[in-house]
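Worksheet: the structure to be examined is printed underneath.
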Amino acid sequence: MSGTRAYNILVLPGDGIGPEVMAEAIKVLRTFNSSSMQFHLQEELIGGISIDTHGHSVTQPVKDAAVAADAVLFAAVGGSKVDHIRRGLDGPEGGLLQVRKAMDIYANLRPCSVDVPSREIARDFSPFRQEVIEGVDFVVVRENCGGAYFGKKVEEENYAMDEWGYSTTEIQRIARLAAELALRHDPPWPVISLDKANVLASSRLWRRVVENTISVEYPQVKLVHQLADSASLIMATDPRVLNGVILADNTFGDMLSDQAGSLIGTLGVLPSASLDGLPHPGKQEKVRGLYEPTHGSAPTIAGKNIANPTAMILCVSLMFRYSFNMENEARQIEDAVRAVLDRGLRTPDLGGNSSTQEFGDAVVAALQGKY
């Protein structure tokens, strides 16, 4: 069809509640199909279900499909019968690590704002006093392809070791992305870089390269170096101090982004994006990305139609924003989710009695102006 923009998306539902929440995200995505925009979906196996079917947490054809796709939607893995005997890259979670590595999506972004998905959710579920979390607005930018998670490993009966290495090139590219993201705000957000330069050699290199890269190439961006453990304390006591772009390596970024979920009160509503760059504002271009909720596979509630699809639906919003440079559509989804939550339609984890499908249907109705 002439003038139709086509987007090829790889869909990886995975294990546990993954297929259920993914179905609702796809339902939302399909509402944007039109004469000018079409989404072509390819669904494949990953995680425990892939091990059960193929003997591997992810197959080479799936990794190839991820590299070829314009974007990847991933739900959850784990909770399978092989979890206790298959670990690392051989286990269910290893499939996701392999896909990230194959795609070279080196930057993981986890936004944290009291306004997304809903101020009402933060008010009702955050364990923090409202005056502590009021105004919290930051994004954790985590290096996604290096560090301890991908380094050499030794695991013996009485000794184990994880190599925690980084190169200058790996640090430079994530520092540049963090600075570019900071510049998208007016005035520019600060970049708060986390490390343990007082004890770790890799962190000393991290601090030096981040300093040299941002101070020279992005002088208009304020750069703050913060020890990671100190940042964790700040996040628990005065989180607005961290407003801006929090830049961290794979390990510290993983920890701090999960802690950020406690400010909102639940990981069940928070999406994340893993990218190989950022789109240029105002241009019709595609950036390779993988989008996943921050929650797990929740096998104890799988198949019961009670899982919360909010985070998975918001992954579609992030995909529109970062892979397809479609800010208006991204905001439409966020506004629709907020409208549904603020009117009290919630799944059991948020104190409601709505089903997974009912929540997805309500978001679609809100997008269509019928809610």
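Placed from the backbone N, Cα and C atoms, the Cβ positions cover glycine too.
As annotated by Swiss-Prot, NAD(+) binding site applies to 79-93, 296-308, with the evidence given as similarity to another entry. Annotation source Swiss-Prot lists substrate binding site at R100, R110, R142, D229, citing similarity to another entry. Taken from Swiss-Prot, the feature Mg(2+) binding site applies to D229, D254, D258. Among the features that Swiss-Prot reports, site 'Important for catalysis' is placed at Y149, K196.
In sequence order, A228, S232, T251, F252, G253, M255, L256, S257, Q259 are the same-chain residues whose CB sits within 8 A of the CB centroid of D229, D254, D258, the residues recorded for Mg(2+) being left out. Among the binding-site residues G79, R142, D229, S297, I301, the ones whose Cα sits within 10 Å of the Cα of K196 (site 'Important for catalysis') are D229. Using a 10 Å Cα-Cα cut-off around R142 (substrate binding site), the recorded positions G79, G91, Y149, D254, D258, I301 reduce to D254.
Among the binding-site residues G79, R100, R110, S297, the ones whose Cα sits within 10 Å of the Cα of D258 (Mg(2+) binding site) are R110. Between the CA atoms of I301 (NAD(+) binding site) and R110 (substrate binding site) there is a gap of 25 Å. Each of the recorded positions R100, R110, R142, K196 was scored by how many other Cβ atoms lie within 10 Å of its Cβ, and the smallest score goes to K196.
In this structure, the CA atom of R110 (substrate binding site) is 10 Å away from the CA atom of D254 (Mg(2+) binding site).
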